[in-house]
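Over in Swiss-Prot, the protein carries these features:
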type: TRANSMEM; residues: 34-54; note: transmembrane segment
type: TRANSMEM; residues: 78-99; note: transmembrane segment
type: BINDING; residues: H84, H183; note: heme b b562 binding site
type: BINDING; residues: H98, H197; note: heme b b566 binding site
type: TRANSMEM; residues: 114-134; note: transmembrane segment
type: TRANSMEM; residues: 179-199; note: transmembrane segment
type: BINDING; residues: H202; note: ubiquinone binding site
type: TRANSMEM; residues: 227-247; note: transmembrane segment
type: TRANSMEM; residues: 289-309; note: transmembrane segment
type: TRANSMEM; residues: 321-341; note: transmembrane segment
type: TRANSMEM; residues: 348-368; note: transmembrane segment
Amino acid sequence: MAPNLRKSHPLLKMVNNSLIDLPTPSNISAWWNFGSLLGICLMTQILTGLLLAMHYTADTTLAFSSVAHTCRNVQYGWLIRNLHANGASFFFICIYLHIGRGFYYGSYLYKETWNTGIILLLTLMATAFVGYVLPWGQMSFWGATVITNLFSAIPYIGQTLVEWAWGGFSVDNPTLTRFFALHFLLPFAIAGLTLIHLTFLHESGSNNPLGIVSNCDKIPFHPYFTLKDILGFTLMFLPLTSLALFSPNLLGDPENFTPANPLVTPPHIKPEWYFLFAYAILRSIPNKLGGVLALAASVLVLFLSPFLHKAKQRTMTFRPLSQLLFWILVTNLFILTWVGSQPVEHPFIIIGQLASVTYFTILLILFPAIGALENKMLNF
């Protein structure tokens, strides 16, 4: 009998073991769809980004008008740009839901997979930040100025570091050029990291909603989960295309329709919605270095999750107190996102400070404490 090429060819064998014959727990829910959705987001962003880069000019005098030219004169340029800008929002929606799933179901106990995932999140945040600067509108320019300026809070080397990053004494042409280079490069780094992420995942196999070993009950990935993933793609592309076609500027900032002007500061400088929770934490501390450290900690705290897991059960499926705490954390993140979009005045200052303290308290103190308490209550 002739050997099955899919199982014997060195390259096809890898694809087969990752996407076709991969043993998958039979009970994984729709929350396990977000990994593949993130993959399709990345592919969409790279494709639309490549098409946009063909018409973009990374120069302060031409950047704004080159984006306008793409939208006005290039065939379907407006659609490509709208899909790319809103695709970033969907990328972040998917990654936040993906992290939330991992947190709820204790997937962080696969330490290598979890840690590479956080590195992926940080790379994605960096990519989105440098990308936001490229249209060279008012919010692009001032966002770049404010965020890069945060590095000056680093003792001793801060100011030198910022001027080195800028390529001068302010955000200017060299900054835009290097940001474009970085924005082109980083998605490919994300693609590489994704392969590492998947390699670590396939070492252990997927977790499942019950958090128990599922080796006795696994089914092939294809056709069951390929079909389920395609349904997921459809359900994501529908709202994405609707947003890009009907209200493409809903999530953007009106300030970005004004070309960058170093002499006029916008009344409220704020990042895109997906960074607002971290921005609120940054603003809630009146000290510059303290704010920067809190900003970094807001994401880096995720690295501690595996070490703060004190419960004897892996998932929160059968732990009602932890579930309650989890949903309080989610609500708290929504409050932080809302506060980050508001001006720095009473009562938003105090709400932001309380929400920031609550965020770290829940993650660092309450989750381990409640986990230990539940062990006692369940006589573990």
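Just so you know, glycine gets a Cβ as well, placed from its N, Cα and C.
When the binding-site residues H98, H197, H202 are compared by Cα distance to H183 (heme b b562 binding site), the shortest distance belongs to H197. Between the CA atoms of H98 (heme b b566 binding site) and H84 (heme b b562 binding site) there is a gap of 21 Å, rounded to the nearest whole number.
Once Cβ contacts within 10 Å are tallied over all protein chains shown, the binding-site residues H98, H202 are led by H98.
When Cβ distances are compared across the two stretches, the transmembrane segment (78-99) makes no contact with the transmembrane segment (321-341), since fewer than 3 pairs at least 6 residues apart fall below 8 angstroms. If you take the C-beta of H84 (heme b b562 binding site) and look for same-chain residues 6 or more apart in sequence within under 8 angstroms, you find Q45, T48, G49, L52. With pairs at least 6 apart in sequence, the transmembrane segment (289-309) and the transmembrane segment (179-199) have fewer than 3 Cβ pairs within the 8 Å limit; the two do not touch. The Cβ of H197 (heme b b566 binding site) lies under 8 Å from the Cβ of T113, T116, G117, L120, each on the same chain and at least six residues away in sequence.
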